[in-house]
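Per TrEMBL, domain 'DUF2231' is recorded for A:13-134. Annotation comment: TrEMBL describes A:12-30, A:50-69, A:81-100, A:112-132 as transmembrane segment.
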Amino acid sequence: MSDRPAVEGHSSPLYAIILGFIFPLSLGALLSDWRYSFTYEIQWLNFADWLVAGSLVGGGLALAWTLVANTVRGRWRHRPSSLAALLLVIFFVIQFINALTHSKDAYATMPAGLILSIIATLLALAAAWLGLRSSTKGVAQ
Amino acid sequence: MTFRVLPLLLAGASMAACGSDPSPDQYGPNPQLPEIQRGLFPSMKISKPTGWGDDKPMVPAGFKVDAIATDLKIPRQTLLLPNGDILVAEGKAKAAPPLRPKDFIGGIIKKQGVTSVKGGDRLTILRDSDGDGIYEARGVFADRLNAPYGLAFVNGAIYVANQDSVVRFAYQDGQTAASGPPVKITDLPSVINHHWTKAMTASADGRFLFVGIGSNSNITERGMMAEQDRAVVWQIDTQTGMQKVYASGLRNPSALATQPFTGTIWAAVNERDELGPNLVPDYITSVRPGAFYGWPYAYWGRNADPRVRPQKPEKVAATVRPDYSIGSHRAPLGLAFSVPALGAPFADGVFVGEHGSWNRNGVVGYRVSFVPFRGGRPAGNPIDFLSGFLKDGKARGRPVGVTVDPRGAVIVADDLSNTVWRVTRTATPPAAPPAR
């Protein structure tokens with residue numbers, strides 16, 4: 001143990017990968033929604049629909065990991081802050097509503113889909129940022 | 001995917017609690033059209049299948065119903081041949097490939113409301129040699145077809161509308177099996193084939209076939225490129241196979257019939273979903289040559305559908321109103337004109353096979369209704385002709401094609417219980433109706 005490099009406070013690469021889903025996928029959905037909203041090219045909406053769904057899969061896994069790390073005591077190398085966990089919860093709820101909105105047909109998705117994608121992208125950015133920041137909360141032991 | 005199944009289940013539970021949708025009178029030429037309404041969850045109410053047991057559908061007084069063929073492979077439409085034999089088109093097209101997350105979920109849910117039998121892709125022939133109403137002989141007239149649906153007998157030949165083509169079988173009176181593979185008359189639009197059924201009828205003189213080609217989406221969610229040659233009725237020359245668009249903007253013209261005496265082509269049309277429990281009314285209409293009936297830009301006349309972009313105000317303005325609303329989400333898949341031999345009050349009018357709803361909490365349809373006519377036009381509200389398909393919230397059958405035997409019988413294909421029903425009079429009809 002003693003010859004291990006000092007990684008205390010750094011997140012696991014796997015956690016970073018999982019948490020890394022939400023921002024690019026949400027941003028992709030946002031850009032696709034934006035294109036659809038004025039070109040009416042339906043393929044953009046198909047892309048957005050899947051990207052929202054994908055961000056929910058990544059977001060769900062990241063949320064589960066974060067909640068476990070925040071509630072289960074133990075030797076966590078990295079424990080995301082409760083604020084990060086809270087942001088992830090809000091992101092998940094908003095993006096879930098966004099997924100339902102995107103399941104409507106054609107322009108029935110607009111403008112709510114675009115607005116929700118903007119909010120979800122900002123939340124994803126903040127949640128991922130905070131989630132990956134070094135935190136001193138979990139390193140004592 | 002569970003993240004989307006769960007809310008649907010929750011929605012289903014909450015729906016059960018709120019009871020049925022209001023059901024305003026939506027019959028006739030001027031149905032009440034409520035405001036568009038669509039929550040976060042689409043209404044999906046599927047009636048799970050169950051068997052008939054020893055039970056049968058209900059018929060009006062003075063009629064009886066018998067199952068003349070069971071254990072078929074998804075019977076859809078039937079055709080009466082000159083010698084009284086009945087041809088049954090059996091089959092089912094492969095579902096259009098899922099495009100969006102929604103398609104996976106919706107596909108799984110809708111599958112619960114249909115038979116698990118594999119489509120036969122064939123024509124079964126039924127014969128009652130001694131006229132006692134029992135169809136004792138049964139055989140396969142032709143197989144290896146491609147989801148056959150529309151049927152027509154003209155010019156001494158049998159025409160079959162597969163999901164991708166119209167073909168012709170030569171026919172000799174009394175023949176029980178095709179003498180060879182059919183001749184192709186023309187290809188039909190079949191890319192994606194979201195609405196795959198190809199309903200068919202023939203002009204009174206036998207010169208033309210009319211084929212209904214449904215849209216490739218609910219409301220353009222596969223893009224307008226996918227809607228080339230869709231949501232139209234084609235007129236096809238039986239001799240040359242040349243075709244032209246006879247009428248357009250008919251979302252899914254899933255049943256066609258030729259009116260006796262006038263020769264007018266009538267269509268039963270399935271209108272769009274996800275605008276609320278009482279939008280958009282399904283309808284029957286005489287098909288005016290060259291007319292545009294609205295899909296996708298407008299519904300029931302000049303009511304623009306806000307989901308379609310780019311919008312086309314000129315198309316909305318050009319939209320023709322259909323003749324007669326049968327109510328929203330009923331899914332009419334059968335249409336047949338009556339004959340005087342069926343007696344009053346069923347002597348003059350059309351029978352409509354209502355397959356039944358999914359996009360509505362209060363289930364509607366699941367019956368064969370009768371719309372009375374006077375002077376060649378609908379006159380009065382639909383009445384039940386064959387009902388009792390639902391029992392305790394479960395579906396025992398789902399009516400599709402309806403065929404009238406001029407000797408005084410109504411033949412109904414049921415694609416859930418895989419049965420063909422035949423309704424006949426138990427007594428001689430009362431006095432003949434007054435001449436029109």
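Please read every residue number as a count from 1 along the shown chain.
Yeah, the Cβs are placed from backbone N, Cα and C, and that goes for glycine too.
Unlike curated records, TrEMBL annotations are generated automatically.
Same-chain residues lying 6+ beyond the ends of the transmembrane segment (A:12-30) with a Cβ under 8 Å from its Cβ atoms: 47-48, 51-52, 54-55, 57-59, 61-62, 65-66, 77-78, 91, 95, 98, 114, 117-118, 120-121, 124-125, 127-128, 131-132. Away from its own ends, the transmembrane segment (A:81-100) comes close to residues 22, 26, 29, 49, 52-53, 55-56, 59-60, 62-63, 66-67, 70, 113, 116-117, 119-120, 123-124, 126-127, 130-131, 133, 135, 137 of its chain (Cβ-Cβ under 8 Å, at least six residues beyond either end). Across the domain 'DUF2231' (A:13-134), the DSSP tally of helix, strand and coil residues reads 101 helix, 0 strand, 21 coil. The average pLDDT the prediction assigns to the domain 'DUF2231' (A:13-134) is 94.
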